[in-house]
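Trainee: A single structure is presented below for examination.
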Amino acid sequence: TNKMGKYDPTSFCDPTAAKIQHINIDWTVDFEKKIVYGTVELSFNVLQDGVSSITLDSKDLTIKKVSYGETVLIHNLGDKHKVFGSPLEITLSAPFNKGDDLVIAIEYETSSNASALQWLDAQQTAGKKHPYMFSQCQAIHARSLLPCQDSPSVKATYTSKVSEQSPLVALMSAIQCWEKTGKSDKGEMVPTPSYLIAIVVGLLESRDIGPRSKVWSEKEFIERAKDEFAETEKMLAAGEELVGPYVWGQYDLLVLPPSFPYGGMENPCLTFVTPTLLAGDRSLANVIAHEIAHSWTGNLVTNHTWEDFWLNEGHTVFLERKIMSKLQGEKTRHFQAQSKSACLCGTLLCNDHCPYTKLVIKLEDVDPDDSFSSVPYEKGHTLLFFLEELLGGPSVFEPFLLSYINKFKYQSVSTAQWKDHLYEFFVDKKSVLDTVDWNDWFNSPGMPKNIPKYDQTLSKECTALADKWAKASPEDFSKFKAKELDHFNSWQKMEFLGQLLLKDPLTKEKISAMEKLYGFSDSGNSEIKFRWLRLGLRAKATSMIKPALDMVVEQGRLKFTRPLYRDLGTWEESRNQAIECFMKHKPCMHSTTAGLIKKDLK
């Protein structure tokens, strides 16, 4: 028990007394005031006798009325916490007992500064004619969009009606209903946690990219997007082969404006993706495979609290690479795992004692956004890859993945429950599992002791070339040839640059020589360009300052923007320019991005 909820340190609610089962939403989107207003009806499953009050999560909401049927209920907003918002305390008209039906209607409006919403003026869109709005509720921003039990331990179905200005289109993380009947023929209603409630309103068009998939975007990007995501159905089928049926009916993709802070967001039925993927480069397909994998690991089976975030992301990276191995081969899976493991090592060496480098973290009075990093993704994946090797390989371990999904689907799960199921499934291998240092994996910061033995076939040439450049003197530059990279795929180029980032900074002369040979500055692949800019900034190459500032302005993806701003901010030559750039463009940035970069720049 803590000063927040009993079971979730980031929520005020107590879902053991009464838990939301269904949410009915009726919203109007007001672009002029930059608010969403309307009513939500919350249907509860009462789990205890004598429940006389309900506490919900809220943040910067204006509550106009709370009612049960015709009865207006007394409500109070508690003191505001700087991160978690305010508890909305509702006094019921009479005590409710276990099994009773309880439906509470709340009329309210959001703040124009709701942390879940980003509002774009017409000039900030590709078409320049109409405004645009989209949400990002992960991790605990749903409470700024609607009063709810904003914890991943609470999963509910939802229906919605959204009114917006014509000719704008409103989409949500749900199946679109037939206009006349209010029903859909696309599948069952699946309960989701509040962080997966998502909305977008803009001048959007769609194209079919598969039998159960469309891509949505502004018309300026739609044809490129259609071509880029043509393999979506193959990835869905590969996922189903590994972990069972896709239960969500529709799998659509939405290409968002550049300010979107993530590579993708796994909103059910409508994955949000960054436009940095529109590079004509299939190496970026992993982002889509990752979001598709979330349909099972994260969305269907969800971490109980954000302290168990590795259950979402570690399993999703593992499944993502399994999907890609079915399309590109097992050596590719090993190469990507080895490459990301090296990057993780670099991250953890710089933050070896940070408590957030543990796999299972503590979030007492901590904003989950501040704890997010590559650790739950890659350290979680490393544990699963290690266990797969230890227990007998893919043919032995993949059935466990399927059983994990089947046992916990539609539920939220803790690390302890996951481990119990692992032992239950491999009951005949208890002695093997007992050799695992679980305390080290879960509770120790830094790199784990046991790193899997990855196939090195595709990485050897990357390592050799990186070592050659690291040791080269100016007299050696003429020995390098442009054709050395001709047979490298994009992942190998990324690995080559990534390995150089883990070494001592290069000289400005080496950066200049490499640019003349390889032309990395002209790459259309954002992953390659990002690594190249970081190498240049570490080398104190002033020629890299402007393109780095350009990149942080052109897109808002945290993966790129935060490290570049950090590099710019720690170099005396570029610090003032970085701060000036940030202050100028902050009004156009996503609130999550702006808040984190402000902390980074101190």
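The count begins at 1 with the first shown residue.
Each residue, glycine too, has its Cβ placed from N, Cα and C.
From TrEMBL, here are the annotated features:
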ACT_SITE  GLU291  active site, proton acceptor
ACT_SITE  TYR377  active site, proton donor
BINDING   GLN136, CYS137, GLN138, PRO261, TYR262, GLY263, GLY264, MET265, GLU266, ARG557, LEU558, LYS559  peptide binding site
BINDING   HIS290, HIS294, GLU313  Zn(2+) binding site
DOMAIN    457-601  domain 'Peptidase M1 leukotriene A4 hydrolase/aminopeptidase C-terminal'
Trainee: Specify the count of other C-beta atoms within 10 Å of the C-beta of GLU291 (active site, proton acceptor).
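Mentor: Taking every protein chain into account, the count is 26.
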Trainee: As a test of the contact definition, list every same-chain residue at least 6 positions from GLN138 (peptide binding site) whose Cβ is closer than 8 Å to its Cβ.
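Mentor: Once residues fewer than 6 apart are set aside, GLN138 (peptide binding site) is near TYR195, LEU196, MET265.
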Trainee: Could you tell me the mean pLDDT the prediction assigns to the domain 'Peptidase M1 leukotriene A4 hydrolase/aminopeptidase C-terminal' (457-601)?
Mentor: 95
Trainee: Which chain-mates of GLN136 (peptide binding site) that are at least 6 residues away have a CB under 8 A from its CB, listed by sequence?
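Mentor: Counting only residues 6 or more apart in sequence, the Cβ neighbours of GLN136 (peptide binding site) under 8 Å are ALA116, GLN118, ALA198, PHE260, PRO261, TYR262, MET265, PHE272, HIS590, THR592.
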Trainee: In terms of Cα spacing, which of the recorded positions GLY264, GLU266, TYR377, LEU558 are within 10 angstroms of GLU291 (active site, proton acceptor)?
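Mentor: Of GLY264, GLU266, TYR377, LEU558, within range: GLY264, GLU266.
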Trainee: Where LEU558 (peptide binding site) and HIS294 (Zn(2+) binding site) are concerned, what is their Cα separation in Å, rounded?
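Mentor: If we compare the Cα positions of LEU558 (peptide binding site) and HIS294 (Zn(2+) binding site), the gap is 19 Å.
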Trainee: With GLU313 (Zn(2+) binding site) as the reference Cα, tell me which of the recorded positions GLY264, GLU266, TYR377 is the closest one.
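Mentor: With Cα distances computed to GLU313 (Zn(2+) binding site), the winner among GLY264, GLU266, TYR377 is TYR377.
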Trainee: At a 10 Å cut-off from the C-beta of GLU266 (peptide binding site), count the other C-beta atoms across all protein chains.
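Mentor: A count of 24.
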Trainee: C-alpha of TYR377 (active site, proton donor) to C-alpha of HIS290 (Zn(2+) binding site): distance in Å?
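Mentor: So the alpha carbons of TYR377 (active site, proton donor) and HIS290 (Zn(2+) binding site) sit roughly 11 Å from each other.
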Trainee: Rounded to a whole angstrom, what is the C-alpha distance between GLY264 (peptide binding site) and HIS290 (Zn(2+) binding site)?
Mentor: 8
Trainee: How many Å lie between the Cα of HIS294 (Zn(2+) binding site) and the Cα of GLU266 (peptide binding site)?
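Mentor: Cα-Cα distance, HIS294 (Zn(2+) binding site) to GLU266 (peptide binding site): 6 Å.
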Trainee: Would you mind checking how many other C-beta atoms are within 10 angstroms of the C-beta on GLU313 (Zn(2+) binding site)?
Mentor: 24
Trainee: What is the interatomic distance between the Cα atoms of HIS290 (Zn(2+) binding site) and GLU266 (peptide binding site), given in whole Å?
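Mentor: So the alpha carbons of HIS290 (Zn(2+) binding site) and GLU266 (peptide binding site) sit roughly 9 Å from each other.
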Trainee: Around the Cβ of LEU558 (peptide binding site), how many other Cβ atoms lie within 10 Å? Please give the count over every shown protein chain.
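Mentor: The answer is 19.
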Trainee: Take the mean position of the Cβ atoms of HIS290, HIS294, GLU313, the recorded Zn(2+) site. Which other residues of that chain put their Cβ within 8 Å of it?
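Mentor: Sorted by sequence, the hits are GLU266, GLU291, ALA293, THR297, GLY298, ASN312, THR316, VAL317, LEU319, GLU320, TYR377.
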